[in-house]
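Per TrEMBL, the features are as follows:
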type	residues	note
TRANSMEM	12-36	transmembrane segment
TRANSMEM	56-80	transmembrane segment
DOMAIN	107-174	domain 'Mechanosensitive ion channel MscS'
DOMAIN	185-267	domain 'Mechanosensitive ion channel MscS C-terminal'
Amino acid sequence: MLQDLNRVLSTYWQQFLYVLPKLALALLLLIVAIFVSNRLSTLIGGRLRRRSHDPLLADFLTRISKWVFVLIGLLLAMQIVGLSGVVSGLLAGAGLSAFIVGFAFKDIAENFLAGVILAFNRPFNINDTVQIKDQIGHVEALNLRTTLMRTFDGKHVFLPNSLVLKEPLINFTRDGNLRQDFLASVDYGDNGNPGQVQQLLLEFLRTQPDVQHETGHPPYIILEKTNGTTADLRVYFWTSSDEYRRGTLQIKSDLMQKVKTMLQEKGYPAPNLAQ
């Protein structure tokens, strides 16, 4: 019995010694493939970023190129070890394998394909402010499976690419303009009229550097309600959306305070401003 065991172990040892050089060569090839993939992906990424105006697409293609090189190295390593039959078997059974793997990794495959679609046809760029479902923030990266967004309170949100592709998406900064509004309730007295207040507000808005005045985006005011001595005026104005958080919060807040102060200085008692 011991002789049989020794004979079996000796056979395995001889086979191991026979395969050992191939294993070493395959491992070396895989290490070289990983090293080369890192260098080539860095080189490709640098050229893509210099020639492309779309950093998101450049980063996405760089990641894909890296994994393609690693996969090629892995297949060559398997060929050296003698696992070419395994590779051929996988390719021969690609139909069944694709069904099984596709079912098992449905979400991963779905997010990857959605990432490919978003890389070439997407409704945002880096640093755009977008809303996806109940998440609002700046887009920071598009990865193979997820889209990275940073909310205004500093949280990093990783959204599955399939969700980004399927859900309605609001881009607040795509064209660089953002319209805002607030309500001004003004008591103009017995001798005044809403038109005078409207003209006064328009002239004031035209003096504000953060309010746009060019053709297509001028400020305007709508009279919503009046009772003879008091008018509710809805003030509409456009600002730059490059800094969305500042545009939606700080600029609007400062403008409302300035309007209230101006109306009081012009003799309108206790004007009321609201969102």
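Cβ atoms are placed via backbone N, Cα and C, with glycine included.
Averaged across the domain 'Mechanosensitive ion channel MscS' (107-174), pLDDT for the predicted model comes to 87. Broken down by DSSP into helix, strand and coil, the domain 'Mechanosensitive ion channel MscS C-terminal' (185-267) contains 34 helix, 21 strand, 28 coil.
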